Ligand code: DGJ
């Protein structure tokens with residue numbers, strides 16, 4: 001028995017191999033599969049709570065019209081030999097057919113976790129993670145598949161990717177390839193995913209898993225607002241705080257597919273990976289294709305437990321160390337205030353006003369390069385130095401030097417630009433089909449090394465020449481025409497190279513990803529960029545839902561959230577400055593996105609205090625665990641609690657969305673505290689001391705008057 005052990009209590013965690021039976025043990029979970037001796041197939045045994053052995057499979061349905069391959073739990077289902085369910089791999093062999101026969105050949109246990117060359121990936125030391133690589137081969141085609149499983153025991157997280165290598169003599173085409181595939185036992189299950197559109201990100205869809213196939217994905221070239229690369233599977237009784245939840249999160253920024261199939265025998269198969277419309281990957285002899293990795297977590301403490309596992313794993317083992325735990329500077333972004341109307345006078349005025357209010361970082365958004373100039377023409381760097389000096393000069397009048405941030409949209413080009421004139425072959429296109437524009441833009445083809453090098457050089461020039469502390473990297477349209485479906489993934493690999501080089505070259509810059517708001521809010525982006533602009537929807541009421549639901553998988557630490565002007569530009573709704581600020585403080589990167597000069601005096605006067613409050617809250621939001629106490633989709637009184645990792649401090653956000661006449665105010669029962677500890681509870685200058693037991697079993701009650709009300713409550717462990 002080969003074992004990689006972790007000394008975590010008395011449990012044996014990590015990878016445990018018993019001949020050809022494999023177990024990946026987390027602190028509170030086990031993932032098990034084995035090799036079927038006669039077929040060489042990998043059989044899924046268990047993904048759930050801790051289990052020390054497999055149970056004999058005598059309960060497999062022995063009868064049915066479908067043959068055996070369709071009646072069993074398969075770990076990496078290939079295609080063409082009687083399993084009619086969705087496959088994990090579909091290979092068009094050089095002979096033209098799509099039949100594969102992958103059989104186990106060997107395995108290897110590796111301490112730690114090897115990186116995925118060219119792809120974003122979770123990382124960790126040998127104490128944090130261990131890896132099992134299982135090799136399978138189709139002897140006829142001489143195609144090898146290596147499945148890499150890494151277990152992060154402290155997070156109950158199994159991370160999987162697949163590598164296909166063509167050792168045959170002819171070219172093959174990978175038509176479909178999953179990062180993760182698993183067959184879950186026969187039971188009633190439901191699935192949850194996040195869907196949306198521009199400014200309407202993160203609606204949580206919960207539905208029963210029916211017999212047949214159901215799924216979602218993105219074929220726009222990016223992870224997209226339309227569907228996030230995240231899937232949760234739960235039992236019908238799973239709630240926020242109780243019950244089983246399996247979470248799957250694909251560490252990828254490109255098109256993806258997530259499919260769930262309940263087969264005729266009642267088992268549920270989940271498959272996440274590339275989108276087949278954007279793959280068709282040719283593999284010449286000797287070549288390999290590696291999938292992005294997919295993180296799967298298991299929780300028995302409901303969706304909240306699932307989210308906290310993702311949050312900790314992403315903060316500790318995915319996001320760059322530079323910023324992962326660092327409080328973010330309160331910022332002012334020019335977009336909603338100035339839009340494209342940017343000139344030296346209003347930049348100076350805005351930066352001065354921002355610094356007056358206590359803002360630490362001034363961000364110049366779109367419009368800074370002048371309307372006639374292309375997104376990244378050689379002219380782009382001209383003038384920016386002066387603008388930065390102006391902004392900082394405005395800020396410097398108030399002591400501490402105002403940091404400066406700049407918006408870029410480097411992956412796009414306008415047709416009327418010197419760059420496009422010089423290099424029309426640099427944009428995505430398909431033969432002589434029209435190059436359809438989106439937001440008046442074409443997409444630079446980042447699969448081309450010369451385009452990658454151009455972007456790296458252009459942006460390095462600007463960042464190297466100027467005192468820029470923050471970059472907002474925007475991307476505002478989908479991919480249309482492509483020379484070949486595989487360009488989509490090659491593009492993403494190119495983008496990752498650009499992100500990797502630039503973020504390593506400028507490690508102290510705070511990098512924010514953006515794609516028309518949350519159109520690329522995915523774990524792949526988070527490996528390079530420290531945070532993501534959550535949505536262009538800055539209406540605070542809408543933001544409560546968007547931020548709560550985004551937190552199903554992503555930690556609050558990586559969410560950008562700003563106070564904007566009222567009435568809100570998109571919804572026309574007016575909410576108080578306190579409500580807008582408190583909602584924005586629930587995001588790790590708090591800021592303003594308005595013109596202070598246009599604020600009503602009675603609002604403006606409150607901003608310095610609100611910024612100071614955000615600075616007090618921020619370390620707990622950045623580094624703490626999130627407990628969603630009541631959800632805005634279910635309650636008029638949503639509440640969220642952040643508890644610092646050490647448990648000494650906590651911040652409670654309570655909201656009333658609408659005034660309900662003569663309705664009693666609910667008690668907010670806290671969670672995650674030490675029942676025996678005593679906590680000082682402070683809100684609006686009032687102080688009380690309660691035990692954790694009282695706070696969790698009785699709760700706190702706050703009185704609200706009117707629509708869109710909020711409270712921020714501090715808890716200090718005594
Ligand atoms: C879309 C982004 O989401 C906005 O925040 C802003 O940067 C605009 N693009 C600028 O064009």
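Including glycine, each Cβ sits where the backbone N, Cα and C put it.
Now, the feature entries from TrEMBL:
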| type | residues | note |
| --- | --- | --- |
| DOMAIN | 42-284 | domain 'Glycosyl hydrolase family 36 N-terminal' |
| BINDING | 198, 365, 366, 439, 472, 473, 474, 475, 476, 514, 536 | substrate binding site |
| ACT_SITE | 474 | active site, nucleophile |
| ACT_SITE | 536 | active site, proton donor |
| DOMAIN | 637-715 | domain 'Glycosyl hydrolase family 36 C-terminal' |
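A map of TrEMBL features onto the structure.
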residue : record                 : Cβ neighbours (10 Å)
198     : substrate binding site : 17
366     : substrate binding site : 18
472     : substrate binding site : 25
474     : substrate binding site : 24
476     : substrate binding site : 19
536     : substrate binding site : 21
> Out of 198, 366, 474, which binding-site residues lie by ligand 1, with a C-beta less than 6 Å from some atom of it?
Replying inline: 366, 474
> Where the record says 198, 365, 366, 439, 472, 473, 474, 475, 476, 514, 536 bind substrate, what is the longest distance in Å from one Cα to another among those residues?
Replying inline: 18
> Which residue counts does DSSP give the domain 'Glycosyl hydrolase family 36 C-terminal' (637-715) for helix, strand and coil?
Replying inline: 6 helix, 36 strand, 37 coil
